[in-house]
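Pulled from Swiss-Prot:
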COMPBIAS  695-712  compositional bias 'Basic residues'
COMPBIAS  726-739  compositional bias 'Polar residues'
COMPBIAS  748-768  compositional bias 'Basic and acidic residues'
COMPBIAS  769-798  compositional bias 'Acidic residues'
COMPBIAS  799-808  compositional bias 'Low complexity'
CARBOHYD  Asn99  N-linked glycosylation site
CARBOHYD  Asn185  N-linked glycosylation site
CARBOHYD  Asn277  N-linked glycosylation site
CARBOHYD  Asn295  N-linked glycosylation site
CARBOHYD  Asn330  N-linked glycosylation site
CARBOHYD  Asn370  N-linked glycosylation site
REGION    674-819  region 'Disordered'
SIGNAL    1-19  signal peptide
TOPO_DOM  20-394  topological domain 'Extracellular'
TOPO_DOM  416-428  topological domain 'Cytoplasmic'
TOPO_DOM  450-457  topological domain 'Extracellular'
TOPO_DOM  479-503  topological domain 'Cytoplasmic'
TOPO_DOM  525-550  topological domain 'Extracellular'
TOPO_DOM  572-587  topological domain 'Cytoplasmic'
TOPO_DOM  609-624  topological domain 'Extracellular'
TOPO_DOM  646-819  topological domain 'Cytoplasmic'
TRANSMEM  395-415  transmembrane segment
TRANSMEM  429-449  transmembrane segment
TRANSMEM  458-478  transmembrane segment
TRANSMEM  504-524  transmembrane segment
TRANSMEM  551-571  transmembrane segment
TRANSMEM  588-608  transmembrane segment
TRANSMEM  625-645  transmembrane segment
Amino acid sequence: MKKVFFLILILNCVVGALSNKNICKISLLLSGDYNDIGVNYMFNYARTQVEKNLNINSIVFTNLENNQNAINNAIIESINKGSNFLISTINSHSNFIINYSRLYKNKEIFWLIKGNDNERPIPDDLPRVKILNINSDLSFYYLGFISSLISKTGKIGFISTKNIETDYQRLTNAFYIGAINSNPNITFLVCSNNFNNQNNNKKISYKISKLLISKGVDFIGSDQDDNSIQLAVIDNGGIGLGLTGFEYSKIYNDKFPFSFKLEWSQLLIDITNTIINGSWVDYDIIYITSFSRLNGTTNFTPEIEPIINYNFIPKIYQKQINDEINKLKNHSTNYYFPHLCNNLFNNIYNQKQTNGCITNEQFSNSHLLNASNIKIIDNKEILEFVDSYSNSIKISILSVSIFCIFICVLGMIFITVLRNARILKSSSPSFLLLILFGCIVIFTGCILFSQPATDKTCQGRVWLLSIGYTIFLGSLLIKNWRVWLLFDNKKLRKRSITNWKLYPWVAGILVVDVLILALWQGLGDIKSESRIIGTSFYQYTNVCTNNDQGSIALYILLAFHGLKLLGTCFISFKIKLVDIEEFNESKPITTSVFIILFCIFTIILLIAPSSSSSSASSPQPIASLETIICICSVTTTAISIGLLFGDKIYFITTQGLGLNQTFAKSSSFSLDKKDCDDDDDDSSDGSDHSNSNKNKNKNKNRNQSEKKKRPNSIKPIGLFSKSKQESVVFNPPSNNDLTNELALPIEGIKEGHGHDSENNDEYEHHEDEDHEYEGEGEDEDHEDEYEVENDIEQEQEQESSNISISTKKNNENEIISDT
């Protein structure tokens with residue numbers, strides 16, 4: 001009985017102990033491959049040791065560097081698979097992962113993120129997040145000290161994964177200070193393998209290493225977390241440095257005589273146990289590596305163990321190196337941090353600690369030191385520059401753009417010389433010149449698009465393209481807006497709209513465009529950047545880039561141009577019923593806008609997503625998109641010029657200038673000399689009222705069959721030919737009127753109303769309440785039959801033509817003619 005009791009008691013204890021333990025599943029997010037013999041290799045090895053010792057499950061994701069979408073998907077997949085302990089070695093995206101962890105702060109999910117100590121949020125609302133700061137400053141100082149001391153060439157190098165001009169260079173400075181502390185006369189060559197955050201490219205790093213070796217460097221340091229740089233040194237007969245914490249001598253023997261060792265297995269085992277046992281400490285301290293453990297510390301700080309093969313060190317230097325290492329091991333008690341106490345920081349930081357040293361935070365936020373023995377090597381020396389545009393595309397765009405500019409200049413000369421031609425005056429020559437000028441600006445912007453990207457061309461081509469389209473579409477919009485206002489005037493009220501009343505509207509649209517462009521340039525950080533071509537690791541090209549604020553400004557700019565296109569579509573729809581061909585540009589405008597919209601919404605928007613999804617940092621999609629934009633701009637502008645000006649040139653070529661005609665034929669009739677032969681015999685100079693009555697009676701006696709034989713019939717030329725009972729009598733202008741920019745003064749018939757020839761380019765509509773004109777009431781089917789009085793021979797002799805359109809009301813014939 002006692003045995004049974006004790007057995008039950010033991011089982012209860014075991015079950016109780018098991019119930020108090022939490023389940024833990026690890027998900028490891030690696031920046032590169034776990035076979036890199038570097039940081040990723042060591043953390044993956046530590047993961048396997050945790051699995052082995054604690055009997056838990058884990059998953060691993062690799063090659064997440066520079067790819068936030070992949071990081072996001074890896075985190076989601078990890079949580080969906082039940083992982084509650086996520087470990088990240090992606091130092092470049094530590095902020096992104098820290099912010100992402102906030103989405104799960106109310107869940108039992110724990111995080112260990114490799115980053116910097118200043119990345120914890122303030123106020124700190126992430127209790128289950130530990131930030132692992134691998135502080136290798138002293139390790140890099142130690143390796144720089146040895147490299148400079150035993151260098152045979154007096155030159156050592158360093159390859160940084162960060163941008164030398166803009167980014168902090170903490171490890172670079174630590175390596176350099178160690179070098180000058182052992183040999184002040186050393187020459188320090190620095191090069192960056194950073195091409196737009198493409199800083200983990202092993203082939204590029206290998207190539208840069210060979211470049212530094214060719215310049216006499218025999219030791220190369222780097223903050224890259226793999227050994228590709230050291231392999232290049234070894235392949236060229238040099239000595240490798242172990243810079244990642246891996247014990248390279250186990251694999252490469254004497255080829256890596258100097259390194260340091262970091263063991264992460266015990267650290268991960270200890271932290272995982274706190275999750276399983278429920279002893280996780282919220283807002284825990286940051287783990288900082290050092291040469292020795294701090295006395296009395298309770299954290300899990302890995303110890304840096306220096307590894308030195310003294311066979312490669314001359315005896316005269318061995319004691320000096322041993323003394324330096326002993327100082328580093330006792331740095332906590334003696335406060336020996338030589339990388340923080342160099343005189344080079346005197347001109348950088350005014351505020352220091354009482355001992356004359358800067359703080360660790362100040363050192364972490366320091367740029368590359370300025371010293372005479374530091375030489376920066378341009379990383380483009382290893383690469384071949386390749387233009388993003390092929391020569392054939394560049395020559396084609398350049399040739400077509402220059403030819404189109406030449407055509408536009410000829411068109412401007414043509415319009416200026418023949419500005420009094422009827423078809424040109426009806427279309428407002430000044431606005432035609434503005435349209436062509438806008439096209440010239442567009443073609444100039446296209447030429448800049450085909451040139452290599454620089455800071456100036458990146459800014460200038462967008463300015464030219466946007467301003468060109470604003471002048472082109474704005475002038476077209478405002479010019480036809482006036483036509484709509486004048487012809488959509490059923491009550492014939494007087495309206496005077498001159499060019500000078502329209503110019504401010506065009507200028508206002510242009511000002512809005514300039515303001516958006518200024519916002520884009522001021523906030524967008526527009527610049528040219530070098531990017532490695534994805535198809536070749538030894539070629540680069542320049543592309544234009546901007547930040548997120550610049551992208552927002554570009555979206556606003558595109559929306560602004562879209563509104564102009566919609567406005568132009570609306571105006572072209574409203575003027576489609578204008579029955580005078582010289583004023584009706586609805587068809588060419590609609591076609592031009594359709595082509596532009598097709599290019600914008602069909603081609604560009606379809607190409608852009610597929611290009612961006614292929615590679616966010618690759619220059620090929622960017623260059624392809626820019627090429628498409630450039631070709632579309634040239635094509636749409638050239639076609640628009642042909643549509644808007646082709647019919648005008650054809651009319652002048654076939655019909656002549658028409659300087660003595662008040663208005664042209666409507667879209668449904670034409671005046672032909674053959675049609676008017678019967679009227680010419682009986683028509684007079686238009687000033688004799690009786691002769692007009694005779695012509696009227698003669699025309700009235702024509703039978704229906706004769707009317708049908710006429711090849712052309714006159715349709716009432718009104719404002720909009722919607723009603724068959726509305727018509728307007730047009731008085732022909734005098735010669736003085738021909739100096740006006742528009743050849744069609746539309747006036748009421750009321751006696752005493754005349755045309756003011758002093759107001760250039762002015763339309764006038766007068767309300768006439770004394771007369772109401774209708775069609776002939778004798779036959780309901782022939783209300784729109786009008787008689788024409790036109791003497792072709794007299795038009796050639798007189799200075800102005802007399803044109804009358806007569807109507808009949810209440811069976812009374814009334815002929816109105818203008819003397």
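Think of each number as a place in line: the chain as shown, counted from 1.
In case you wondered, yes, glycine gets a Cβ from its N, Cα and C as well.
Projection of Swiss-Prot feature records onto the structure.
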| residue | record | Cβ contacts under 8 Å, 6 or more apart |
| --- | --- | --- |
| Asn99 | N-linked glycosylation site | none |
| Asn185 | N-linked glycosylation site | Gly154, Asn373 |
| Asn370 | N-linked glycosylation site | Leu344, Asn347 |
Cβ neighbours of Asn330 (N-linked glycosylation site) where a neighbour is any other Cβ within 10 Å: 13
Which value does the mean pLDDT take for the topological domain 'Extracellular' (20-394) in this predicted structure? 84
Whole-number Å distance separating the Cα atoms of Asn330 (N-linked glycosylation site) and Asn277 (N-linked glycosylation site) is 34
Long-range CB partners for the topological domain 'Extracellular' (450-457) (under 8 A, at least six residues beyond its ends), listed in sequence order, are 387-389, 393-394, 397-398, 401, 526-528, 541-544, 630
Across the topological domain 'Extracellular' (525-550), DSSP labelling yields 3 helix, 13 strand, 10 coil
Three-state secondary structure of Asn99 (N-linked glycosylation site) from DSSP? helix
With DSSP helix as H/G/I and strand as E/B, how many residues of the topological domain 'Extracellular' (450-457) fall in helix, strand and coil? 3 helix, 0 strand, 5 coil
